[in-house]
Structures are given as C-alpha cells and as structure tokens.
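Below: the structure, in structure tokens.
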Amino acid sequence: MIEADRIISGQAKVDEDVIDRAIRPKLLADYVGQPQVREQMDIFIKAAKLRQDALDHLLIFGPPGLGKTTLANIVANEMGVNIRTTSGPVLEKAGDLAAMLTNLEPHDVLFIDEIHRLSPAIEEVLYPAMEDYQLDIMIGEGPAARSIKLDLPPFTLVGATTRAGSLTSPLRDRFGIVQRLEFYSVEDLTSIVARSADCLNLELEQQAAFEVARRSRGTPRIANRLLRRVRDYADVRNGGIISINVAKQALSMLDVDDAGFDYLDRKLLSAVIERFDGGPVGLDNLAAAIGEERDTIEDVLEPYLIQQGFLQRTPRGRIATSQTYRHFGLQKLSD
C-alpha cells in the first residue's frame with residue numbers, strides 16, 4: 001500500500017491543498033495546540049519586529065501533518081512579509097536557489113519543505129546566504145571561471161523536515177531557532193475539528209468532533225481529512241447533520257478504528273505478535289513481513305504507535321506492548 005493513499009496518512013494529498021488553505025489558521029492567536037512553540041514564536045516574532053530585524057532562521061521538524069507549513073505561513077503573516085515556498089527535491093541546481101534568493105525583499109520568508117533532501121551543492125550556496133546574507137555565484141566555466149559575491153537583503157529561512165537527524169551539522173547549526181512539533185492532544189484536535197467545521201459551514205455536534213479527533217492519530221491533517229469524509233457520509237445519509245452516531249458509522253466505513261488505526265497499522269502490530277511472538281523483531285524483518293519499506297515503518301507508522309504505547313523500540317528490535325495485546329483482545333504470554 002502506498003502511504004499517501006491511506007486515509008490516516010499524515011502526508012498531504014494533491015487535491016487537499018485548496019481546502020487546507022481555506023481552513024488553515026493565519027495568525028498565532030488562531031493556532032491551536034503546541035503551547036510551548038506558540039509562546040516561544042510569539043516572543044521571537046515580537047522581538048524581531050521591535051528591533052526591525054529579520055526573524056532568525058527557523059527549523060521546524062516533526063512527523064507529517066502536524067502543521068509545519070502552517071507555522072511557516074503564520075510566521076510570514078505575523079512578520080508582515082511575503083513568503084516564497086519551495087522544497088528540497090525541487091531545488092536541483094544552484095541557479096534555482098539563487099533565483100529565489102535574489103528576488104527576496106527585506107525580511108521575507110523563504111520556506112523550504114523537506115529541507116533534509118537538499119543536495120550538497122545547494123547547501124553550499126545556502127551557507128553564506130544564511131550566515132552573511134551573501135550569495136556566491138560562479139561566472140563562466142573552466143579556467144576562466146570566477147566567483148562574484150552578491151549582497152542579499154536580510155531574510156528568514158524556514159526549513160521543515162520529518163527527518164531532522166538527516167540534516168548535516170553545518171546546515172542545522174545555522175538555524176537560530178529550532179522547533180519540534182509534537183502530536184496533538186485529543187482536546188486540541190477537537191478544537192481544530194470544530195474550527196474547521198465552522199470554516200466549512202458544517203453542522204457538527206460536539207461529541208462528533210471529539211469522535212473524529214480521537215481517531216486522528218494526534219494529527220490535524222488527518223483530523224481535517226476525516227472530517228471531510230464524515231461530511232460526505234452525513235450529506236448522503238443524514239441530511240448533512242454530523243451527529244455522534246453518524247461520525248461513528250462513517251469512520252467505521254472508512255476502516256478507522258477507535259485507536260485511529262487502519263489496516264496497515266493492524267497488519268504491522270499483528271505481525272509483531274503473530275509472526276515474531278511479540279518481538280523483539282528487527283526493522284528489516286518486519287518490513288519484509290508486511291511488505292512495506294523500512295522508511296515507511298520508521299518515519300510514518302512507528303512514531304504514533306510508539307508515542308501511544310503500542311510499540312517499543314529496543315536495541316534488539318521492536319516489541320509489542322501489553323496495550324497492543326489488549327487492543328486485539330489477546331493475553332500477553334509471560335516471559
């Protein structure tokens with residue numbers, strides 16, 4: 001199964017971009033959850049505006065769907081500047097990055113998603129740009145080639161990544177602010193679902209908002225996606241009114257269980273229990289057993305399962321916890 005095809009995938013889908021922009025908070029005052037990040041960014045932004053400086057370069061990391069792009073746009077809005085958006089895989093040539101940098105206005109935000117996927121050549125261009133607001137460009141080729149320096153306006157680079165550990169030390173060290181986004185509480189997600197319902201003019205009961213939230217794996221993007229699918233169900237089956245029973249029926253139809261697990265989650269946990277006697281099992285063996293890439297397990301499936309206490313990562317491999325056995329109605333054998 002392709003990760004992006006899952007209803008509970010934290011990754012963005014192409015057709016969601018327009019709707020997501022419509023319901024995305026624009027300012028910190030509307031930003032729900034991540035209280036420590038919100039408080040710190042409020043201070044940093046106000047201080048930069050008081051000094052009339054560009055905000056320090058900002059690195060945002062965490063699992064997919066937690067609002068890294070949203071936070072980058074909020075930073076630009078709060079600073080009252082423009083934001084230019086790109087991603088690591090798109091920046092193939094130094095000239096691509098140079099063109100973006102030279103078109104920035106003072107204090108503008110350059111947002112690079114998936115920044116861990118930048119090539120070494122692009123990183124070399126970024127170092128002086130981030131540190132000294134200078135751009136080194138090579139003119140000509142061969143023996144006649146020469147380097148010229150261009151001054152850049154003070155700007156803020158906002159980098160987003162799901163794999164902070166994959167960043168090179170020289171690049172990571174150039175970020176003055178580093179923020180980690182955590183999975184959201186059910187209470188915060190309930191508020192997000194209710195806010196999104198208001199933006200979409202939906203008739204949503206509070207209990208239904210909670211039901212969607214608790215199955216959303218701590219991830220706003222998943223919560224909003226499930227809300228839209230529940231809306232479809234309600235439009236067809238209940239005159240557009242999203243009650244608690246309608247929400248439960250719709251989510252059951254979507255094969256999202258009470259813990260927010262889908263078939264792939266249950267397949268992974270079942271494999272650990274049934275094929276490997278609860279573990280420990282190595283990542284490569286587990287990937288082979290369920291027919292998925294090890295990166296998919298490590299970056300997409302595991303974070304939520306570990307955070308929720310269903311899977312334990314040890315030096316010897318992955319282990320199913322007692323909570324996993326209870327979820328499947330099984331009794332864990334004593335060692």
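Backbone N, Cα and C define each Cβ position, glycine as well.
Taken from Swiss-Prot, the feature region 'Large ATPase domain (RuvB-L)' covers 4-184.
Among the features that Swiss-Prot reports, ATP binding site is placed at I23, R24, G65, K68, T69, T70, E131, D132, Y133, R174, Y184, R221, with the record citing sequence analysis. Just so you know, the Cβ of I23 (ATP binding site) picks up 18 other Cβ atoms within 10 Å once every protein chain is counted.
Look at Swiss-Prot and you will find T69 tagged as Mg(2+) binding site. All protein chains included, T69 (ATP binding site) registers 22 other Cβ atoms within 10 Å of its own Cβ.
When DSSP labels each residue, the region 'Small ATPAse domain (RuvB-S)' (185-255) comes out as 51 helix, 4 strand, 16 coil, counted as helix, strand and coil in that order. Marked as region 'Small ATPAse domain (RuvB-S)' by Swiss-Prot: 185-255.
Marked as region 'Head domain (RuvB-H)' by Swiss-Prot on the basis of sequence analysis: 258-335. When the region 'Head domain (RuvB-H)' (258-335) is classified with DSSP, helix, strand and coil residues number 40 helix, 9 strand, 29 coil.
According to Swiss-Prot, the DNA binding site annotation covers R294, R313, R318.
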Which are the residues of the chain, R294, R313, R318 excluded, whose CB is within 8 A of where the CB atoms of the DNA site average out, their centroid? V281, G282, L283, L286, I297, E298, E302, L311, G317
Cα-Cα separation of G65 (ATP binding site) and R294 (DNA binding site), in Å? 20
Here's one to test understanding: among the binding-site residues R294, R313, R318, whose C-alpha is closest in space to the C-alpha of Y184 (ATP binding site)? R313
Top of the binding-site residues R294, R313, R318 by count of other CB atoms within 10 A is R318
